[in-house]
Amino acid sequence: MKALILVGGFGTRLRPLTLSVPKPLVDFGNKPMILHQIEALKEVGVTEVVLAINYQPEVMLNFLKDFESKLGIKITCSQETEPLGTAGPLALARDKLADGSGDPFFVLNSDVISEYPFAELIQFHKSHGGEATIMVTKVDEPSKYGVVVMEDETDKVERFVEKPKVFVGNKINAGIYLLNPSVLDRIELKPTSIEKEVFPRIAADNGLFAMVLPGFWMDIGQPRDYITGLRLYLDSLRKKAPAKLASGAHVLGNVLVHETAVIGEGCLIGPDVAVGPGCVVEAGVRLSRCTVMRGARVKKHACISSSIIGWHSTVGMWARVENMTILGEDVHVCDEVYSNGGVVLPHKEIKSSILKPEIVM
C-alpha cells in the first residue's frame, strides 16, 4: 500500500519553530510530528510514503533518509511548483500512487495527531465498498468547522456544511482518508480542494463513507492546540503504553522524558510535559504543560508552564516562562527574567522581562 502526506505550506502558525525546520519536522512527544504518522502507516503494511510538499523539500528528504532504512519504508517527495490545495497534490503524485495494483491508498494531513487506527480504517473501507472513506471526529463546537452530515445507519456521507449557523451535526473531517485509485480520475492538476470539490462529487454518487475516529484527535498546527494535543497524546500513552512514561517522586501526572535527558534533584515535573533528547533540567525546576525540545537546558529553580522551549535553548536560573511563551531555536533567557507569552525568534538573548504577549525579533 501507498500513502500521501499533505505537507504543504510554510507553517506560519507555528513560527518561530518553523523558521528552523519545516513544520512536519517540529518535535512532538520527543520525535518529529510526521514520524508518528509514518510509523503508524508502516505498521499496517504501507511500503511507500509520498510527501506532497512545496517548501524546503531537500531538508525534509535529507532528514527522513535516516528513517527510510530504520523503518524499512520508501519515502519520496512530490514537489509542487505552485500551491495546489488539498487535491491537486494527488494529481501531481498520480504516477506514484496508482501502481496498477488497485489497492486503496491513504491521504493524511500532516498536522493531525491521533491514535491512527489505520487497520480499522482499512477494514471499514473494504466492508462498506465505497470509493472513498474519510475519518470524522466529534467536536463540541461544530459551528467553527466544516461539518460532515452522514447517515448513522449506513455511514454514508450525505453532504458537507461549512461553519453551520444551525446545528446539523457534530462530526468534522479529521484529515485522514482511504481512497480507491479511481478517485485520481476525478482530480485535475490545478489548485483544487479535496474537501470542497472532490468529496462532494463522490458523495453525490453515493460512494463516500465516514468512519468515526475512536480515541483522541487534534490539529496541532498552532501553539495552543499543540499543547492540548500533547496532553491528549500523553493520556493515550498512559492507556496504551504506560511503560514509556516517566515515574518517580518528582513526576506529577503524565510525563515523557527521553532516556538521554538529565533531570536534577528536587524538581517537580508534570502534568503533561515532554523533555526531549539531550536536555538538561537542573535542580529545583518546575515544569508543567510544556515541551522542552532536544538539547535545551533549564537552569536551577526555573519555572515553565504552558510553553514550548525550542531546540538548544536555555532558560536561566529563577526565570519564569508561561502563558504560551514560544522560544525558537537557540534562544537564551537570562537569569530571573519573566516571559508572559513572549514569542521569541531563533538565536536571541532575552535580558529583560516580557510582561505581555509579544513577538521578540
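Yeah, the Cβs are placed from backbone N, Cα and C, and that goes for glycine too.
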Listed in Swiss-Prot for the GDP-alpha-D-mannose site shared with Leu6, Val7, Asn109, Asp111, Gly146, Asn173, one of Gly72, Gly85, Gly207: Gly85
Alpha-carbon distance [Thr12 (diphosphate binding site); Leu6 (GDP-alpha-D-mannose binding site)] in Å: 16
Where Lys23 (diphosphate binding site) sits in the secondary structure, as DSSP reduces it to three classes: helix
Least surrounded among the binding-site residues, given as Leu6, Val7, when other CB atoms within 10 Å are counted: Leu6
Cα-Cα distance, maximum over Leu6, Val7, Gly85, Asn109, Asp111, Gly146, Asn173, record's GDP-alpha-D-mannose binders, Å: 21
Fewest-neighbour residue among binding-site residues, criterion Cβ within 10 Å, set Thr12, Asn109, Asn173: Thr12
